[in-house]
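Contents: one structure, followed by commentary.
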Amino acid sequence: GEARSDAAGVVLMIASEALLAVVNAIVKFVSSWSSQKIMVVRLSVDFVLNMVLVFAMGYERPSAKVAARLLLRGGAYCSFLVFLWAALKSCLPLGDVVVVVVAISPLFLVLLTRLFLGEAIPSGWPVQFLLCVVGALLVNKPFAPERDCPVSTTLLPIAAAFAGALMNFASRNVKEVPAPVVCIFNDVVGVSFASAALAVLSPDERVLGPGGELSPGFWLVALSAVFGWAGLLCNVRGYQTVSVAAIAGIASSRPSPWATSCRCHFSVRCPTPSRPRARC
């Protein structure tokens, strides 16, 4: 029934959040790499893993109409990664980026499903969601960056939240397509976009050195790609499975715990001699 489907979808969404949180933490430690270079390596690994899974499971090729939708979803996915990684590599603490993306993206998604798919929103959800988000914002204060951090930088996680909502909204429009197939189209669009951006914005940056050696940090990014691959499969299947009521419920319950955990363990605002532990 719907309740069982929602339960399975919620488990997948929670697993996705955990796996992608690991990816976000790893990316923070590869500050010398541009977002484009990270995308090329990560999505290439993702593509290979998805192709192996597709051939192993014998999934069929989607129709041209569905393929066009998947390519558009890939564009939203690329926008999400660009804005998210720009935010992660900015002066904003990781915890602040996470709380904005995780708290606001579901709001965009619920509104999109209501406006374009006509899915009903639980009557008490707006108040519940507002209270949880306000509480998370009061704890993490994402719109109060450090003095040397431009206020405009806070727009990056908001843009990532909207792009992520578009991506998940698109997942709900291709429920019949297996998650690995959906992700392959993401990878094709993503690698093409990232390769072009790398050539234009960072022409001197290479994955391989002059002697064919791998760039420092390559295996760290490759490791993040494996976690990201598993996380994205869970994300796609989860959003294909759950009802909008379940999305609303889980969205209302997760902003503060995820953000607080990320801040205390990975954020640049963790305790220092000049910054008391009270912030965490």
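Every residue, even glycine, has its Cβ placed from backbone N, Cα and C.
Positions annotated as transmembrane segment by TrEMBL: 7-27, 39-58, 70-88, 94-113, 120-139, 151-169, 181-202, 214-234.
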Practice problem: Count, for each of 70-88, 151-169, 181-202, the Cβ pairs lying under 8 Å from the transmembrane segment (94-113), and report the range with the highest count. | Solution: 151-169
Quiz item: Of the listed stretches 7-27, 151-169, 181-202, 214-234, which one has the most C-beta pairs under 8 A with the transmembrane segment (70-88)?
Solution: 151-169
